[in-house]
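Engineer: As annotated in TrEMBL:
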- 1-35: region 'Disordered' (REGION)
- 24-35: compositional bias 'Basic and acidic residues' (COMPBIAS)
- 42-62: transmembrane segment (TRANSMEM)
- 74-96: transmembrane segment (TRANSMEM)
- 117-144: transmembrane segment (TRANSMEM)
- 164-183: transmembrane segment (TRANSMEM)
- 195-215: transmembrane segment (TRANSMEM)
- 273-298: transmembrane segment (TRANSMEM)
- 318-341: transmembrane segment (TRANSMEM)
- 394-413: transmembrane segment (TRANSMEM)
- 425-447: transmembrane segment (TRANSMEM)
- 453-476: transmembrane segment (TRANSMEM)
Amino acid sequence: PPTRGRSTRLSSKGHYSVKMPSSEGHHESGTTSTKNEHKMRLFSCSSYVIGNIIGSGIFITANSVASETNSVGLTLLIWAICAAISFLGALVYIELATSIPDPGADYAYAMRIGWKALAFAFMLVSVVITFPASAAVQSITFGQYLAKFFSAFDSAPDGTSSEWLVIVLAMLLLASLTILNFFSLDKFASTFQNVVSVCKMLSVAAIILIGFYFLVFQGETQNFANMFEGSKWDIGSMTMAVYGGLWSYAGWDILNYGTPEIKNPRSTMPLSLFIGLGVVASAYILINVSFFSVMTLAEVQNSTAIGDDFARLTIGNGFANIIPAMIAVLVMGTLNSNIFCGSRMMHAAARESQLPSFLSGLHTASGSPRAAVLAQAILAAIMCFVPTDTLVNAVTFVMWAQKGITAAALLYIRYKNVQVESGAIRVPLVLTWALLLVSIALVAIPFVQDLTITLIGCGVIAIALVVYFVALRFGLCTCGGLYDKMSDVVNLVVKRLLCVELDLKTTSTVDERTELNVFSHPVTKNLLVTRL
């Protein structure tokens with residue numbers, strides 16, 4: 001009979017449900033279906049952490065941090081403080097990942113405890129604006145640096161050819177990384193990330209070695225005399241310096257976006273995070289030491305392209321164009337990690353029916369959420385033609401607000417004894433409280449420093465909340481069934497075009513086991529309704 005291999009029951013809410021048999025390589029808990037052999041291991045996870053954090057950020061915020069601190073010693077201390085804050089966040093997020101091993105990071109954790117409105121608001125801001133805008137900026141940055149490296153091809157005196165070359169290079173990189181992420185992580189995307197991470201570390205090592213050559217063998221130590229002279233110790237300056245440093249450390253939570261795609265996350269995640277963050281923190285501090293070995297504090301503060309200035313002061317104009325190529329490599333890895341994060345959050349939201357169902361499309365053989373990957377790439381390509389600097393600055397504080405909400409969610413789980421995965425790693429509560437307080441400070445300070453930008457960010461969240469209550473909570477946008485008909489057509493097209501299956505999470509908790517609501521299951525819908 002059609003129901004062989006399944007058991008039906010009446011749930012506590014009066015809905016008939018059917019327990020679907022598990023298949024090899026799939027999780028009964030409803031997490032993303034990924035075959036064990038395609039999961040990421042320690043080296044790949046460490047590479048994603050390093051690749052997602054180290055990018056062009058260190059070359060952008062080095063001058064702003066130095067300007068806020070006004071001394072070499074305090075600048076190095078701020079970078080160390082930012083590393084400590086990042087380690088704090090990583091520790092707390094390890095508990096979250098092992099307690100709630102669902103893809104989507106902050107979004108998944110808020111959904112688990114029923115904070116659906118907040119989860120939807122932050123998710124919508126992230127997948128529609130933050131991730132695509134960041135990917136667009138990274139793509140354009142890649143195009144700019146690579147175009148500078150290939151400056152011989154720019155023959156137009158007005159720079160028109162160069163502008164189009166930047167766009168073409170940005171689109172080519174975006175398309176290439178999208179295709180890579182269409183396949184299993186261990187075969188393509190993570191392999192690419194491993195290679196890029198190695199190239200990144202070689203590039204970073206080259207900068208460090210050049211700086212230390214001048215420091216040790218050339219005796220360029222004058223900039224380190226009286227290191228703390230002129231330091232700005234006031235809370236406002238130091239906090240804004242930390243804010244700039246943390247911007248460069250952003251991305252330490254990347255593994256939480258794809259926890260089901262990690263092999264043995266309970267042991268792999270802590271090791272990979274400590275290795276990755278340890279490498280990044282050491283590299284950032286040593287890079288700043290290298291900068292100050294050949295550049296004065298004033299030169300660092302006033303530099304608008306510190307990598308290029310550093311190269312010209314150390315290896316001369318003849319080889320200085322190598323630096324733009326190196327920075328382009330750094331951006332490639334960061335963009336790949338951005339696509340990974342954005343697509344996993346979008347996929348997780350679609351599984352929860354908070355985004356159109358076609359975005360849950362999953363290529364079951366590789367475990368890649370192809371529909372979400374393609375959607376993120378399309379949004380990023382569109383934003384390549386839109387000025388996004390102000391918008392990204394506005395939603396930066398939203399991301400830290402999201403970290404605060406996530407820390408509060410973990411405290412709720414601990415104090416309310418919410419049931420989570422057995423064997424989850426637990427960190428001392430004082431660390432979770434510390435992360436919450438840091439997040440609150442980073443959200444509150446922009447209200448004083450730049451009220452306009454902060455109000456824009458609050459407005460974006462408010463719009464997302466309105467969308468949630470209008471479209472999801474009260475269902476006022478169904479248009480008399482038109483939405484369902486359009487959704488069916490789009491689902492069919494996406495399934496055939498991308499070779500995916502919808503990975504919807506229509507579950508109810510009965511005996512704490514995953515069961516599929518019969519009225520959402522196409523195989524047994526007509527049969528059991530007829531029997532009823």
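Just so you know, glycine gets a Cβ as well, placed from its N, Cα and C.
Where in this structure would I find these features, and how exposed are they?
Structural biologist: Sequence-distant contacts of the transmembrane segment (42-62) (same chain, six or more residues past either end, CB-CB distance under 8 Å): 138, 141, 185-186, 190, 193-194, 196-198, 200-201, 204, 244-245, 247-252, 254-255, 262, 268-269, 271-273, 275-277, 279-280, 283-284, 287-288, 291, 300, 303, 305-307, 327, 330-331, 333-334, 336-338, 340-341.
Using a Cβ-Cβ cut-off under 8 Å and counting only residues 6 or more beyond its ends in the same chain, the transmembrane segment (74-96) has close neighbours at 65-66, 68, 105, 109, 227-228, 231-233, 238, 241-242, 245-246, 248-249, 252-253, 256, 269-270, 273-274, 277, 280-281, 284-285, 288-289, 292, 403, 406-407, 409-410, 424-427, 431-432, 434-435, 438.
If one looks beyond the transmembrane segment (164-183) by at least 6 residues along the same chain, the residues whose Cβ comes under 8 Å of a Cβ in the stretch are 135-136, 139-140, 142-144, 146-147, 150, 153-154, 189, 192, 332, 335-336, 339-340, 343, 363, 366, 368, 370, 373-374, 377, 380-381, 384-385, 498.
Within the chain, the transmembrane segment (318-341) has long-range Cβ neighbours (under 8 A, six or more residues past its boundaries) at 48, 50-52, 54-56, 59, 105, 131, 134-135, 138-139, 141-142, 145-146, 148-149, 151, 173-174, 177-178, 180-181, 189, 192-193, 196-197, 199-200, 203, 206, 251, 254, 257-258, 307-308, 310-312, 373, 376-377.
Distant neighbours of the transmembrane segment (425-447): 85, 88-89, 91-92, 94-95, 98-99, 236, 239-240, 243, 246, 266, 270, 397, 400-401, 403-404, 407-408, 410-411, 414, 453-454; these residues of the same chain sit at least 6 beyond its ends, with a Cβ under 8 Å from one of its Cβ atoms.
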